[in-house]
């Protein structure tokens, strides 16, 4: 519906464009309404400003000269400018409500993805235990997001799709959209080159710098737009639009479990980057919202309640599943629980990854003590019993 | 009649200057005479100093925000001095506390009390020809409640800061470890300060209007103040209740808002905005009142559409209660509720537009003096028009889905709150400054400040509209590099705005030291405050003035010799007393 010339304004490469690129069926409709309102506003604004400055210039007089007129009312003109613009308001309201209803009417049979938000990461649930921070959808296929939050209110916003919805704890909010432009894939040589570089430095993937995902897709930004604390502005992820359903399913399969033959510690690092650990825990010893993993494994850890505990497999596992049970001294109990969101193998891989970051001599010494404990843990998990009662530990947060 | 002459057959009525004993500023001395004063003018001046300090603090915090956003990964709070000042806090945490305090201080300590409590306290009784407000002791206690509220905010800042945003959204505010209870207690106390002021004005305007001042012969500033007071009295208690519930939940874990205790976090938003949306009109309505006075006086022309302006203030006050839901268009309300709130939101735009048209019609064929207050008033109309029109993009549901919680919203409400209320407040301060302190400021300096504020403001906030429509979320300590050029523009604008505001402060301070003595009526105003001396005597008027039309400029002429406006009246046959002993003749021609 938008006039062709206006789409020129929506060029993302231009620093001063009005809109980000448009990549969903909603974009064109919403942009059109935006331009319509803007033009109506200009039709009012320009005459108002011309009159404002024009009168100030034309009727500027020396002190003491009386005004040319003392006319102080004209009922006709006052009624015209009071009632006249109302008709335009009705038109705006109508287009606004129509666009809104189309965003709220979720088509039957839409492709469903679960969304869970937590401080400060996103977990997109593709079913069968595949959870990944990136949102992957198929072009031309209606996609429905069922969203809830683990802690405070967040809000999921995809500027290129012109959609936004708060993600509220204790209830499900829904959103749907239909993507219209598939993400490009970068050339394999470039992807390999960059992947190699990250492998050498060991850094976490920098989406802003590379402008494509570790799988080589260009992407659309996804922001959190409800203020949620320290790393609110880093609570971003990306949206990738696949050409076909098969391509999406292949991508999902790639992340369904630890690939055959991959070292648990290597896979653990991937989980660390993918599942939100890295937004609070550094690998280089620097202090973030949570303690760094570097050199921790095997050491004694001071807790907030004055106790201390050995940083071993059991402690890592408990901290992932019941993070508020034993909080490190000097840190706030803000980590969400990953219970039910990570498989046993995932937790195992993370433990192995964190172990690989510890001082080798300390790790070796700790290994002997806790081997027995590690077995107990996996047995306990099978029975579904918890090392600590969750509600009791929640009090630490308040 | 030519400029600067008194026609023959008329005589001049001018109250002259107050003696030291009459002048309310000098009639009693010492700090205690101020602290325990019941004089509405002194209370107004104390408020003026108080809100100006709050504005200075919150304004410096705003500069901190803008300087941090110079670079995508943040700039200011990444500097090593902040690690030394607050070693426990990450740059993001400092940023979050700074924007929270900027908003909370600006809203609760500056904008809400700025016009009603500072200017209103000074002007309402004088405009009514009265000696004081109806309840002078309540008035003083309202000031001390303001001080107490401010102390709680300072304590919150010193304890562990506040990082919830000024909106205190749950469950973030029930789970964060920052000083939420101290700050909400402060806001609770400030609410009472606001209620006391509103109650006082309602009673004062209802019962203390002088003979001849019917409702429709009241200056429009009083109409605006009256409408504001109604909102203050009706809406503020809801904020108080909400904040108490929040405190109860935090301390006793009663499940109201936090889903962890089976509460509903969106309920808090309903409660909060049921007050805070009408509060937006507490902030802007008095500004409308100021602008109506300024435009009319400095155009020396009757206000156009008096009744429409008066009724539109009341309409805004009432409709303002019905639109709070537009703050929750993306929170997941039912479709029907959302659509109804959108429709109601559009209705508020009508009375606001009426006022703009009426101000322009007042300027038409006027005799406009481009004084400092008039330049601020023109600046207000320009900026408020932008603020109002961009509200349409947000009231429209489809576009709001994209723009909600982005910089577009930030720009929109700053155009209304800063471009509107702050600019009107400054215009009002410059307009009534000669009356309040009895000296004239440098006109050139005042005009330069108006231009600097106008340019700086636009440079700060126009780029933010584009940032918002391009998808930049608000309350971000860091951002994607593609937004940097617009953020940098905004920061340079904020610095220019800061220069303009300090320049305005300098002009006013200079006037206190070097300013010429102000005449009773420097601008040619027809409302009652221009009938008493500058500054007014302690009792404002020796006897209750008889009131004429507040916008009748026909009998006010410019006296170019003494640089003042004077009221002329037909020479009387018999002069019973010597003119020197006959002060403050108001509306004498009716006698």
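Using N, Cα and C of the backbone, Cβ positions are placed for all residues, glycine too.
Automatic, uncurated: that is what TrEMBL annotation is.
Per TrEMBL, the feature domain 'Cytochrome oxidase subunit I profile' maps to B:34-548.
Residues or ranges marked as region 'Disordered' in TrEMBL: B:572-591.
Under the heading transmembrane segment, TrEMBL lists B:45-65 (among others).
Look at TrEMBL and you will find B:105-130 (among others) tagged as transmembrane segment.
According to TrEMBL, the feature transmembrane segment maps to B:142-160 (among others).
For B:180-208 (among others), the entry in TrEMBL reads transmembrane segment. Residues 104, 108-109, 112-113, 116-117, 120-121, 124-125, 128, 130, 133-135, 138-139, 141-143, 145-146, 148-153, 155-156, 159, 162, 164, 168, 173-174, 218, 222, 225-226, 228-233, 236-237, 239-240, 243-244, 246-247, 250-251, 282 of the same chain sit 6 or more residues outside the transmembrane segment (B:180-208) yet have a Cβ under 8 Å from a Cβ within it.
Feature annotation from TrEMBL assigns transmembrane segment to B:220-248 (among others).
Beyond its flanks by at least six residues, the transmembrane segment (B:272-296) meets 107, 111-112, 115-116, 119-120, 167-169, 194, 219-225, 227-228, 231-232, 234-236, 238-239, 242, 302-303, 309, 313, 316-317, 320-321, 323-328, 355, 359, 362-363, 373-374, 376-377, 380-381, 384, 413, 416-417, 420-421, 424-425, 427-428, 431, 525, 527, 551 of its own chain at Cβ-Cβ distances under 8 Å. Here TrEMBL flags B:272-296 (among others) as transmembrane segment.
Residues or ranges marked as transmembrane segment in TrEMBL: B:308-327 (among others).
Feature annotation from TrEMBL assigns transmembrane segment to B:339-361 (among others).
Within its own chain, the transmembrane segment (B:373-392) is flanked in space by residues 287, 291, 294-295, 298-299, 345-346, 349, 352-353, 356, 359-360, 408, 411-416, 418-420, 423-424, 426-428, 430-431, 446-447, 450-451, 453-454, 457-458, 465, 523, which lie at least six positions past its ends and keep a Cβ under 8 Å from the stretch. Marked as transmembrane segment by TrEMBL: B:373-392 (among others).
Look at TrEMBL and you will find B:412-432 (among others) tagged as transmembrane segment.
The transmembrane segment annotation in TrEMBL covers B:444-466 (among others). Residues 66, 370-372, 375-376, 379, 382-383, 390, 407-408, 410-412, 414-415, 418-419, 423, 426, 430, 486-487, 489-490, 492-501, 503-504, 506-507, 510 of the same chain sit 6 or more residues outside the transmembrane segment (B:444-466) yet have a Cβ under 8 Å from a Cβ within it.
The transmembrane segment feature in TrEMBL is assigned to B:486-509 (among others).
Remote same-chain residues near the transmembrane segment (B:220-248) are listed as 116, 120, 123-124, 127-128, 168, 170, 173-174, 180-181, 184-185, 187-188, 191-192, 194-195, 197-199, 201-202, 205, 254, 256-257, 268, 271-272, 274-276, 278-279, 281-282, 285-290, 292-293, 303, 306, 309-310, 313-314, 316-317, 320-321, 527 (criterion: CB distance under 8 Å, separation of at least six residues from the stretch ends). Beyond the transmembrane segment (B:486-509), the same-chain residues lying 6 or more positions past its ends with a Cβ under 8 Å from any Cβ of the stretch are 59, 62-63, 66-67, 69-70, 426, 429-430, 433, 441-442, 445-446, 448-461, 463-464, 466-467, 470, 472, 479. If you look at the transmembrane segment (B:308-327), the same-chain residues 6 or more away from its ends with a CB under 8 A from one of its CBs are 216, 218, 220, 223-224, 226-228, 230-231, 234-235, 269-270, 273-274, 276-278, 280-281, 285, 288-289, 292, 333, 337-338, 340-342, 344-345, 347-348, 350-352, 354-355, 358, 394-395, 400. The stretch from B:45-65, B:105-130, B:142-160, B:339-361 with the most CB pairs below 8 A to the transmembrane segment (B:412-432) is B:105-130. Counting Cβ pairs closer than 8 Å and at least 6 residues apart in sequence, the transmembrane segment (B:142-160) and the transmembrane segment (B:105-130) reach three or more and so form a contact.
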